[in-house]
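Participant: Submitted below is the structure of interest, expressed as structure tokens.
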């Protein structure tokens, strides 16, 4: 009991010193909980949306990959059902009402300014008829639902975003052409709309102009009569419509609708949790340091406790109890802050165009449990080592002047272990760089990253002596004696300096490693475009909409173009191997000119041959895996049911970034086997200008596409820029998330300095007495901080460069052939960390400067 | 009170006046109203240049406070203090720091040295801070005087308590300050090591012409001084020239009985 009481007293006596470690726990736990709350909220938002808008039973087209408007069909033509099914499904026993739903996502809607009003977030634009199901989720707040062929109703979010009002004209573009309608109504969501744009037309309009004509629907909704379960109704409907169609209960269709989004949410959740984990790891260093310093400062006190009869375990336990308190307080605050983080994330999504309502904020029971358990366990683990050290304080310490005991032996063990781990890790990285296959290489890489990180953490204190001295020569010596004092302070306790710097090292190593891979990716991409792309222009859409036939035709008519290449993805097809086995492979059909436009490197055969009738190409990996070569024949099951036997005329290199592993067939070959209505639209088109007319062609293409804001034409320079932008965006996102770990690390620097200043009160008093000015004193603290930060940056950047280079070498197998080290970024991070050091020192330096000389001298 | 201040025995090394530091009607009070405590009550003191002055008195007599005020470590409530030709009352913190750095040396009871610096670096610390080059010949002489030649590269933790205090004395001497203040400089040492350190202080006055002010409650230590000032209840109550340990002890006993009677 006494132990608990002492711990409590200590905890509250030193609560100021606990603040920063507590903050580290709070931040990490908040991020974990925030992620959980955020993804839970997203999940329940979608559940509600899909649950509310699903019919009790719906009938959708069956067959392979059917999705009844749930996905964007590559043909631009949603699969449909005959309208007669409505009557059949509605007549079954237990059915209350049945109606047809005509909906498609294969549309683009353009406002009067020629702007695409669809969402930019990847959420769909949905064009549909206004049915009972929609009325459940929306109410008409202005005007009325569409009643005539020229009328359209828009959802309020989209209307607001694009300033659309009643009477405005909208142009709807689909694979079947385009038409203009007048806005007659605005409907407001009653459930949270996560960002889709919804447009409602008269049923006939959707059927005629968006589904290809005829009495068809994309699904049939059946509502159950009172007392009839969805399951029972499903059975009855199934019996009435036959086995070929898919029949789903409300729960099943909600589930199916959520599949795609759910996996996206999962990826997001684990990515966010991963970054939270890194921050937590960094927080561990902070906590270890805090408790180590508190134990060191209390050596005499602990010795006294030992002298008056407390045993080792009791003394150790007193530290553990303090950690427990810190963990509990920090985690509970963290859980609360996590809700705030979730709201923040939701706002952020709002900025990106995804509307989420805080009304749906979902805090699952698991969230606080995970948060508190995680926070407490991590804090306890981090305090374990200092607690053991506290237990080892001898009773003699009570009598001695509070001196720092040098721990020579464990230092040596640590150094040996650290060097061994670093060596093993380096060997693994070299192994990864030289790996001949991606699989084992990735394993080597991750083992190497882990071991070198651990090794660096262990040898950090050892390196501190060397590196800090070297840094001092460059950075500190110019400041004369103050610089020397700062250097000595940084070196005084290398373990502390090492741990503080290690925290910073982790985040910066990841930044450096990823920046190397990222810029190598850009450089390799540019190099590959230069090397292989012969076409002058690339036409594609960012959101993945295929090019409608009208656009394709109009591009072909641009007179400044020498030729235009079409490119259609046939997606995963089943292939029959010469030995009778089957395999899957993604097949693309392109014009023969593709061989000139994208000079994909081949390891065997001529690519041009693949585009001739009866020919195809396969990727190197596929060929190796199945023992195929030029001249072998493959059976290809094309969409629409027909199969053809094609001869392999070329094997493409695996070391490619563009179309890696894709099998090519000629467009004519595909047209031979695929019926016109099952032929996918162009996913992209390539154009080559008539010699000398490049800029005129570029202008003409741009003019041609002006009416279609969903598509964009890029010349090679713009295409390379796009690659760079995409990689840059991804990197920025990752850097943003790593910022959390870096913030925690900076807190660690602040913490170490603040506690050091307290620990060195008497020294500071002495320095001030013998004439060190406040400014000099503050500078001393700042310089120490800078040197610690630079030390951490140096370790982190060095480590990250090694990781990045090993990663690039490994990814060279996948086409990442050019190594580019972003020296500007690396240098910027290094200098930035000096600034970080300065910022971290602000408060401790201020406190040191404010210290009363007399009181400082008198401090025990 | 001024009557209690005798003329100094000797002039010091350099300097225009015979007085190295001077306190006039110095009052130092803590708190206010009912809880007001007066640590120094209208004290007048002249510290003679080139002499060794000891300040004695029981605990709470204000002797440390007087020293702190004279040294510019503490700020007086009223009255004036001059160090050399400088009036230091009312000086800004920055100027005070510079005054301490350039004109005053310190030897504290303990924790005199920075653990991260070697003995030599500790000795030259005030000059380093000031950005001045130490006078090599003088530094040699100081190091010789305190007998630390063999220990200059050692860290404080590798030195004995007596050696550490000698380094502190060397540091105070090396910068050639106008005055060195010692706050119980031998308080933590055994008698032999204490005698050694006091010997150096004495020699620094005799041989180097240093002005020295030492706060102590040890009659043996006070006997090394040229002159002893007695403080009681924040007032200067007596002084003694060319003291011996017995004389100091007797005087203190007398104060003690006096204090008990009154």
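Heads up, the Cβ atoms here are built off N, Cα and C, so glycines get one too.
In TrEMBL, annotation is done automatically, which means it is predicted and not curated.
Note that the structure is predicted; figures quoted are calculated from it, not measured.
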Participant: Of A:212-234, A:235-257, A:442-464, which range does TrEMBL call transmembrane segment?
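Facilitator: In TrEMBL, the transmembrane segment feature sits at A:442-464.
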Participant: Ranking A:270-296, A:365-387, A:442-464 by Cβ pairs under 8 Å to the transmembrane segment (A:733-758), which is first?
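Facilitator: Of the candidates A:270-296, A:365-387, A:442-464, A:270-296 scores highest.
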Participant: Would you say the transmembrane segment (A:415-436) and the transmembrane segment (A:365-387) are touching, if the rule is that at least three C-beta pairs must lie under 8 angstroms and be 6 or more residues apart?
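Facilitator: Touching, no - the transmembrane segment (A:365-387) and the transmembrane segment (A:415-436) miss the threshold of 3 or more Cβ pairs under 8 Å.
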Participant: Can you count helix, strand and coil residues in the domain 'ABC3 transporter permease C-terminal' (A:275-395) using DSSP?
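Facilitator: Here the numbers are 102 helix, 0 strand, 19 coil.
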Participant: With helix taken as DSSP H, G or I, strand as E or B and everything else coil, how many residues of the domain 'ABC3 transporter permease C-terminal' (A:737-852) land in each class?
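Facilitator: Across the domain 'ABC3 transporter permease C-terminal' (A:737-852), the residues distribute as 101 helix, 0 strand, 15 coil.
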